[in-house]
Amino acid sequence: MSPINTTTEETKQLRDLYPEIEPYKTGMLKVSDIHILYYEEVGNPSGKPVVFVHGGPGGGTDPRDRRFFDPEAYRIILYHQRGAGDSTPHACLEENTTWDLVEDLEKLRKHVNIDKWVVFGGSWGSTLSLAYAETHPERVKALILRGIFCCRRKELLWFYQEGASMIFPDAWDKYLEPIPVGERGDLMSAYHRRLTGNNEEEKLKAATAWSVWEMATSRLYVDPSYIAHATDDAKFAVAFARIETHYFVNGAFMNEDEQLLKNADKIKDIPGVIVQGRYDVVCPARSAWDLHKVWPKGELHFVDDAGHSTKEPGIVHQLVNATDKFRDL
């Protein structure tokens with residue numbers, strides 16, 4: 001059950017993403033009286049089905065996300081979760097829980113006429129992928145997970161209250177700015193109040209600060225383009241911050257704190273790959289290790305010179321290797 005450690009220096013030839021590609025189909029799927037989800041299909045319409053589960057919650061997808069998969073081998077489904085990206089209504093919190101999203105995946109699977117698929121998710125996408133696989137294991141051929149996030153209280157406190165603050169004190173001070181000193185004992189709740197309030201100026205300021213904090217800490221080396229995405233795209237920042245705080249103050253709507261790990265026996269027969277940046281500050285490696293211990297079929301790869309981002313070379317290398325591994329499954 002030992003993990004596999006990889007570094008850029010040790011890998012003679014790093015894999016890169018597949019070439020840029022456009023969808024051959026896009027659509028909108030009504031999943032409730034309120035929510036309509038955007039989805040797209042890419043690659044080979046007759047290929048092996050795989051679904052890309054994005055992070056956040058509230059993050060949406062990027063055209064780059066289509067490129068982790070061999071387009072000749074895979075029928076690639078990407079979609080935006082409730083309130084995110086091009087799904088409507090934008091940033092809506094009503095009828096927006098983990099279990100709504102789990103059932104949305106089932107509705108999407110049936111809508112596109114797929115029996116079983118490979119499920120690929122990182123960060124919050126790993127949380128939702130695990131929740132889905134543990135609820136509908138018979139529909140999952142394999143799991144490819146990156147930057148494991150079990151949404152446990154200690155993980156949330158590490159990143160949003162105290163822990164990561166010790167590593168990125170400069171970025172942390174900016175994260176604190178919108179919140180008065182008297183409310184800093186519970187930063188997630190303080191942000192949630194502002195992001196669900198009626199003061200639009202305060203809401204945007206909080207959304208930007210929350211999103212910048214995550215973008216500033218996502219790579220081993222700070223990437224200014226990540227930070228610009230949070231500061232320049234108000235639509236993204238508001239959905240990202242509103243939906244994240246909604247989920248996090250509610251413990252991701254889990255029945256108990258360790259739920260995903262305690263229910264890992266439900267995925268014991270599903271093969272998988274876990275890709276984890278050794279220096280991931282957003283979703284520390286402890287969670288990947290804890291998952292690997294209770295899911296032996298989840299082959300764990302630590303990338304020793306990477307953080308949280310899918311743009312880091314070692315992470316890309318391992319994820320593309322993983323998708324190639326399961327393309328003939």
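Residue 1 is the first one shown; counting continues down the chain.
The backbone N, Cα and C atoms fix where each Cβ goes, and this holds for glycine too.
Copied over from TrEMBL, here are the features:
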type     : residues : note
DOMAIN   : 48-310   : domain 'AB hydrolase-1'
ACT_SITE : S123     : active site, nucleophile
ACT_SITE : D280     : active site
ACT_SITE : H308     : active site, proton donor
Inset, instruction - Provide, as an integer number of angstrom, the distance between the C-alpha atoms of S123 (active site, nucleophile) and H308 (active site, proton donor). - result: 8
Inset, instruction - Can you grab the distance from D280 (active site) over to the residue listed as 'active site, proton donor'? Cα atoms, rounded to a whole Å. - result: 5
Legend entry - Cβ neighbours within the same chain of H308 (active site, proton donor) - under 8 Å, at least six residues apart: S123, G147, T217, S218, R219, G277, D280, V281, V282, C283
Legend entry - the domain 'AB hydrolase-1' (48-310) [mean pLDDT, rounded to integer]: 97
Inset, instruction - Using all protein chains in view, find how many other C-beta atoms are within 10 Å of the C-beta of the residue listed as 'active site, nucleophile'. - result: 26
Inset, instruction - Tally every other Cβ atom lying within 10 Å of the Cβ atom of the residue listed as 'active site'. - result: 29
